[in-house]
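J.: TrEMBL lists 6-120 with the feature domain 'Tetrahydrofolate dehydrogenase/cyclohydrolase catalytic'. What TrEMBL lists as domain 'Tetrahydrofolate dehydrogenase/cyclohydrolase NAD(P)-binding' is 139-281. Residues annotated as NADP(+) binding site in TrEMBL: G165, R166, S167, I231.
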Amino acid sequence: MTAQIIDGKALAEELRQSFKARVEALAAKGHRPGLVVILVGEDPASEVYVRNKVNGCLAIGMHSEKITYDAAVDQTTVLKKIAELNADPNIHGILVQLPLPKHFDEEAVLEAIAAEKDVDGFHAENVGALAQGNPRFIPCTPYGVMKMFEKGNVDLTGQEAVVIGRSNIVGKPMALLLINAGATVTVCNSRTKDLLAHTRRADILVAAVGKPRFVTADMVKPGAVVIDVGINRLPDGKLCGDVDFDGCKEVAGQITPVPGGVGPMTITMLLANTIEAAERKAGL
Ligand code: GUN
């Protein structure tokens, strides 16, 4: 049996269309949602992500701008810009693209963003709120995955969920969201002892490990929902996920492709968080 494909591209498009009316309602009241994306350095992958974020905003009538710095910029300059943006009433969301160059204290930069404009959900206050089960901003990638579960009518209550990956951007917030939804959650990483024993029990398997085709068919429980968060570039330039899609789709019940799965959902949820920030500011 071949798995049902969860089409992230189609869901992302459906959601983005539905956001337009919210954007226009805000604009009519003088609160057009605005997102600033800060990029430090010239990492080619980050440049693509940032361009897609800005264009995603503009396409649905939001305001968005990119601020770029040379990799050698000092942290104080970036912190000063963040302070300015925190005080700017036309800006509802501030995102600093990660990773930052080595001389930066990433945590200090993320903490400098006003919690009510932290549309990435990386500020300690927002991480804490999520951990307590009262999220204010949910990190965009795991938020997108939750929307995919919703769309696929995946009931998470009581399900065995295994997350491979423990990053602050995906693995940890994904685990918290699954816990909050009533799943039984195990967080593994690429070096987990007997990883196979964990993944084979998983009704829900989320791969966010950053290794091409790390999850193979033998690791998947028949009928499981397999979510591939990875975006890896192969030596031939092609993109591939953390899941061996061709093998796993023969075992899984539902599966996300790469590209066209989780990727388009991440930016969509960034738009959602920025609109939400503007609605809160407008008192809606
Ligand atoms: N780098 C990779 N993913 C992300 C993300 O979701 N937000 C930010 N700010 N940087 C990233």
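Sequential numbering from 1, following the chain as shown.
For all residues, glycine too, the Cβ spot is worked out from N, Cα and C.
What you are looking at is a predicted structure, and each value in this text was computed from that prediction instead of being measured.
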J.: Counting by DSSP, what is the helix, strand and coil composition of the domain 'Tetrahydrofolate dehydrogenase/cyclohydrolase catalytic' (6-120)?
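T.: For the domain 'Tetrahydrofolate dehydrogenase/cyclohydrolase catalytic' (6-120), the helix, strand and coil counts are 59 helix, 18 strand, 38 coil.
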J.: Using a 10 Å cut-off on Cβ-Cβ distances across all protein chains shown, tell me which of the binding-site residues (G165, R166, S167, I231) has the largest neighbour count.
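T.: When each Cβ's neighbours within 10 Å are tallied, G165 leads.
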J.: If you average the pLDDT over the domain 'Tetrahydrofolate dehydrogenase/cyclohydrolase NAD(P)-binding' (139-281), what number do you get?
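T.: Per the prediction, mean pLDDT sits at 97 for the domain 'Tetrahydrofolate dehydrogenase/cyclohydrolase NAD(P)-binding' (139-281).
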J.: Can you give the largest Cα to Cα distance in Å, as a whole number, for the residues G165, R166, S167, I231 that bind NADP(+) in the record?
T.: 16
J.: When DSSP states are folded down to helix, strand and coil, where does S167 (NADP(+) binding site) land?
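T.: For S167 (NADP(+) binding site) - judged by DSSP and reduced to three states - the answer is coil.
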